[in-house]
Amino acid sequence: MTLKTKFRLLLVSALVTVPVIMLAVGVLVSLVYDAVFKTVNGGIPFYASFAYPVMLGLFLCSLLLIALLFSRSIHSLLKRINLLNQTVRELASDEKIPDTLSVYSGDEIGDLIRSVNLLIERTTYRELQLREQEELNKEMMNKLRHDINTPLTAMRLQLFDLEIENPEHANLTWSLSRQIQYISELTTEIRLQSAGTPDSSYILKDRVNLHELLETMVKKWAYLYSIQSVELHYASLNRELNWTSNALWLQRLFDNIFQNALRHSSANIVEVTIQDNVVMIRDNGTGFDAHVSHSGLGLKIIADLSQVLHIAYTLQSDGSGTVYRFMAEAF
């Protein structure tokens, strides 16, 4: 039975019940008075006797009883609506998924409860599926990290032997050693972050001195730039610039820019400067259209990392070169 039909029946019942009860109470009290009390009261008419107020009292009590019965029906409806409201709110929260609700009626509220139960079951299925996928991703990341670290360890040993046998190549071995260490740290950090998306992952932040970070990175890339006949210049006008950030993820951010300048820009000069609170990386390469997607340039990674690290990032590129500017956002 639908809610509309139920309320129509309640309305019709109220319209019919009230006059019927009034008539029945009046007739019943009148008959009792005529049969028992009229002769005792000296033949006083019913409407002038004590029985008339009694009839009115009984009629009011009957009306209150009817109102109570109708209110119980409305209260039952409101109770189910409140239960649905609470269940939907629990489903929308970050707490555990609520249990399915019992359905006791075939009206619209019952249909709504069935729909909510279907939503709960689907959400439960999706959450279990997501957890399984996360576990698989974690297992794959652990295996991948192990597979990466194994050759890295061998490379460290080979570099150690190379450094002993060829001390004249100390700069090369130092640069390669830094790259290997960076890859090892990055795989560890990626494993820690693999449980969430870049937007939601929690990154441990600390005080990072940008001058020290960029100076080390310039030294790390200097050898690769030199063998490609690209000049790499670094100048810091603010050696005390500190950001509350993550040094490893900042390295990943700037590494993508150094790599772009080396591989894609056809530049012969790359300048890295720190002035005021801004880090600027400029090259004199061919440039590109910054508004068009370019596969292989790592621009999506740069934009995503800037967003995650709360860094204001701008990019300008034309035929005279490309300029990246970074500034920590104020909280």
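Just so it is clear, glycine is given a Cβ too, placed from its N, Cα and C backbone atoms.
Per TrEMBL, the features are:
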type	residues	note
TRANSMEM	7-32	transmembrane segment
TRANSMEM	44-70	transmembrane segment
DOMAIN	75-128	domain 'HAMP'
DOMAIN	143-331	domain 'Histidine kinase'
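Taking H, G and I as helix, E and B as strand and the rest as coil, DSSP gives the domain 'HAMP' (75-128) the counts 39 helix, 0 strand, 15 coil. Per-residue pLDDT, averaged over the domain 'Histidine kinase' (143-331), rounds to 81.
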